[in-house]
Structure formats: C-alpha cells, structure tokens
Amino acid sequence: MSDQPAQSDLPDQGALPPQEAAQPQAVREDPQPQQCAQQVLFEQQGAQHRVYISNLSQDATEEALTEFLKDFHPVSVLIPSQSVRGFQKTSVRPLGIAYVEFKDADTAAKVILELNGVTFMDRELRLRYHIPFKSEKEKLARGPNKFRQIQRRLSELRRRNSDAGATVTTDNGPQVDAAAVPREMSKVTIYVGRLPGRTTDKDLRTYFHEYLPQEIIVFKHRQFRGWRIRRHVTAAVITFPDHERQESALESLSNLPFNGRTVRMAPAFEDKLAEIRAEVQRMAVEQQLPQPASNLGIYIGNNLIAMQPLQTRKADQQSLQSQHSPQNAAEDQTITAPPPSQQQLPQLQPIAPPLSLQPLNPVENTQPVQGLDLSIPREHEEVVRGQPLLRLQKLQMIQRLQRLHRQKQRQQIQQEPAAQPAAQPAAQPATEAAVAPQLVPEQEAHQAAAQAEPQQVLERPIAAGA
C-alpha cells in the first residue's frame with residue numbers, strides 16, 4: 001500500500017487531461033462486463049490496489065476465493081461477516097462481499113476486466129475498485145456534489161466524442177456550451193409547458209382558435225430534481241399556418257392563464273419536434289390507428305412513453321346498417337313466439353311486433369333492468385346467443401323472452417284446474433255405485449259367521465259328554 005506508482009504509469013490514464021484525472025470518477029455498484037473498460041477509466045485519484053467483490057456466495061470462504069484468484073497472486077483476501085444472536089445460540093453469517101488486495105494497480109485493473117461477471121460457486125461476481133470511507137467533515141470539505149461532478153465529466157466526454165455539441169450539466173443546472181452548435185428554432189410551431197394534467201388537444205384548439213392551429217400534440221415528459229425526486233410535466237407542441245400567427249400567439253397569450261394556471265410558451269426546437277412526430281407516427285403504425293397524428297395525444301416519458309388517444313371516433317355507417325339488415329330482421333322475427341289461442345286465454349294481450357320495429361326508449365328500458373334476473377330459458381338460449389345485437393336490444397329481448405316464459409307457465413296453471421272439476425262429478429256416482437254392491441255381501445258374510453260361532457261352541461261340550 002505504501003508503494004504508489006506514478007500517475008503516468010496507470011493504464012488508461014493517458015487518454016485524460018491532467019485537470020480531469022484529479023476529479024472523482026463514477027463508480028457503479030453493479031457494472032456490466034462490457035462496461036468494465038469505462039469503470040477502469042473512471043478510477044479515483046491515485047493508484048488502486050484493493051478490489052471490492054459483491055454477489056459472493058454465502059458458502060464461499062477466504063481459502064476458496066484465494067484459490068480462485070491464484071493466477072493473479074492476491075496479497076490478502078477478506079470476507080467480512082456478522083454475528084446474529086438468537087435465543088439459545090449465536091451464529092456467524094457472511095455478508096456476501098469480499099475485499100481483495102493485489103501487489104500493484106495493473107493487476108487490480110486486469111482482475112476487474114477479466115473476472116467481472118464470471119461465475120464463482122453458482123454466482124456471477126461483481127467487481128469494482130474499493131472506495132475508502134470518508135467522514136462527514138471530509139465530504140463537506142470536498143466541495144460540490146460528487147454526483148454532479150461525475151455527470152459533468154460524462155457530458156464533456158460525450159461532447160468531445162460526438163460531432164454536434166450538446167448541453168453540459170453544471171452545478172447551476174443545464175447550460176448550453178459556447179462551443180456547441182445552436183439549436184434551430186421552428187418558425188411555425190410553439191412549445192407550451194406546465195399544462196394541467198388532464199389537458200386535451202380539444203382544450204388547446206379552443207384556446208388558440210383565433211390563430212387557426214393546424215397540428216396539436218399533447219405529451220408528458222419527466223423532470224428530475226435531485227437523485228430521487230421526479231415529476232411528470234404535461235406539455236404540447238402547436239403548429240400554426242405561418243410565422244405571423246405564431247408570433248401573434250406568443251405575444252398575446254404568453255402572460256394569460258390557461259385553465260387557472262400560468263403556462264410557458266416559446267418557439268419549439270426543430271430536432272425535438274421531429275423526434276416527437278416520428279414517435280407519434282411509429283406508435284400509430286404499431287397500434288393501427290386510422291386517425292392522423294394531429295388528433296392523437298401521447299405520453300412521452302424520458303421523452304417518449306405510452307399513447308393516449310384524446311378523441312373518440314364516430315360509429316361507422318356500415319356497421320349501423322349491418323345491424324338493421326334484412327337477415328337480422330328475420331332473426332328477430334324468429335324470436336317472437338306465436339300468439340296463443342283466444343279460446344283458452346282470452347284475457348292475454350296480443351304479442352308485440354319484432355324488436356327491429358320497436359322504438360328504443362332508454363329511459364323506459366333501463367329502469368326495470370336494475371333488479372332483473374338475466375337467466376334465459378333453455379328453449380330460447382341458442383336463439384339469444386346467435387343475435388349480433390346491441391346491449392339495449394339484448395336487454396329488451398331478454399325481457400321479452402322472460403315474459404313469454406311466464407305467460408306459458410300461467411297458461412299451463414290455468415288449464416290444469418279447469419280440466420279436473422269437469423271429470424270429477426261424472427266419475428263420483430260411478431265409483432259409489434261400484435263400491436256399494438261390494439260392501440253388502442261382505443257385511444252379510446260377517447253376520448252369518450258371527451251367528452254360526454256360538455252354535456259350534458255349544459255343540460262341542462255335548463259331543464264330549466256323550
């Protein structure tokens with residue numbers, strides 16, 4: 001640890017300027033194997049000999065890990081553990097991490113590049129440089145936020161590697177670099193930000209109706225305020241016929257509230273506008289939506305997320321005509337039962353015309369449906385399932401079938417009592433006449449048997465005495 005090599009001897013340090021090498025570098029908890037080169041590039045100031053290993057198996061020991069790293073000749077291997085106290089005994093459990101120290105920085109960098117993501121005891125190892133602990137006083141004395149410094153350095157590296165300039169993130173917020181190419185502003189499209197969350201393109205079209213807006217796209221994007229604070233902001237881009245109407249809208253409506261909220265208006269960027277339109281077209285093709293992009297509302301998070309249609313389409317005339325086709329009318333007629341004979345049930349009302357000829361009255365039909373039993377009689381179940389009708393027509397048809405079923409039950413109940421009293425008066429005398437002759441011989445036989453028994457009893461003693 002005491003032998004520190006020179007700054008020029010470090011691998012990958014020659015690609016960085018001297019003023020950037022002294023800045024703290026980005027370190028990720030779980031880097032991917034393909035990102036190891038970037039991680040070695042973003043090492044801390046000075047040489048690093050100690051490597052931090054995470055996602056280590058609970059069964060791994062220091063001897064097994066030393067044997068696994070024997071090709072790199074580790075100086076020391078440490079697997080920290082913790083003591084868990086129970087009611088009867090205390091157990092020691094490893095933390096699943098390890099600290100391995102090597103003899104030089106080149107070996108540590110080679111270990112990170114080659115073994116990051118390698119499986120050891122059924123676990124993929126995660127390797128990075130060890131970050132020494134620093135007290136709160138050292139953190140306060142360090143100056144600006146480390147995360148912002150890392151973001152600024154990454155932005156500078158991206159800007160140097162790209163042909164076109166981009167924004168550079170500083171401590172005071174996003175600022176445009178002086179060497180970057182200025183972004184082109186649209187001459188007919190404006191950006192409207194800080195809109196209410198439920199704003200639709202119809203509301204904006206009404207608000208800008210004097211300036212004849214041609215295209216309105218509503219979207220949402222995320223704003224990051226710090227490491228954990230995020231919020232969604234509703235915005236829109238509005239395209240006008242010419243540059244004069246764009247300037248008039250910006251001058252007259254910039255300071256006026258929209259639905260009780262002060263909005264932000266400015267000319268839109270051409271590159272951002274092209275990105276939004278391309279995303280709208282792509283999502284429209286994927287979802288196979290027939291309406292144009294100007295009638296669509298979208299959510300764009302991180303500047304592009306899910307689709308939100310803002311207008312409903314009118315019903316197709318062909319679908320309405322197909323519902324009232326002659327074939328459906330013939331099927332409706334098959335549902336109606338034949339009228340009962342007037343001789344049996346003169347009090348029943350005549351059957352109503354088919355459903356296709358009846359006027360639809362939602363007020364009349366929706367009230368009794370609340371407590372309605374939607375069970376369909378078995379004899380009409382197949383007919384109901386084959387009808388491509390609307391919801392209101394289906395409810396009317398179910399009511400009609402249930403009324404027919406109840407009428408049929410009442411008809412059967414009324415016919416059965418009417419048949420029984422007519423047959424009983426004629427059958428009753430015949431049964432009495434048939435039973436009466438049978439009772440007379442039986443009574444005479446019992447009387448004769450009763451008279452004959454005493455005589456037999458008296459005759460037996462006489463015969464015995466004789």
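Here the Cβ of each residue, glycine as well, is placed from N, Cα and C on the backbone.
For reference, Swiss-Prot has these:
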type	residues	note
COMPBIAS	17-26	compositional bias 'Low complexity'
COMPBIAS	317-336	compositional bias 'Polar residues'
COMPBIAS	410-456	compositional bias 'Low complexity'
DOMAIN	49-132	domain 'RRM 1'
DOMAIN	188-270	domain 'RRM 2'
REGION	1-33	region 'Disordered'
REGION	311-347	region 'Disordered'
REGION	406-466	region 'Disordered'
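Along the domain 'RRM 2' (188-270), the predicted structure has mean pLDDT 88. Secondary structure of the domain 'RRM 1' (49-132), assigned with DSSP and counted as helix (H, G, I), strand (E, B) and coil, comes to 21 helix, 28 strand, 35 coil. In the domain 'RRM 2' (188-270), helix, strand and coil residues by DSSP number 22 helix, 40 strand, 21 coil.
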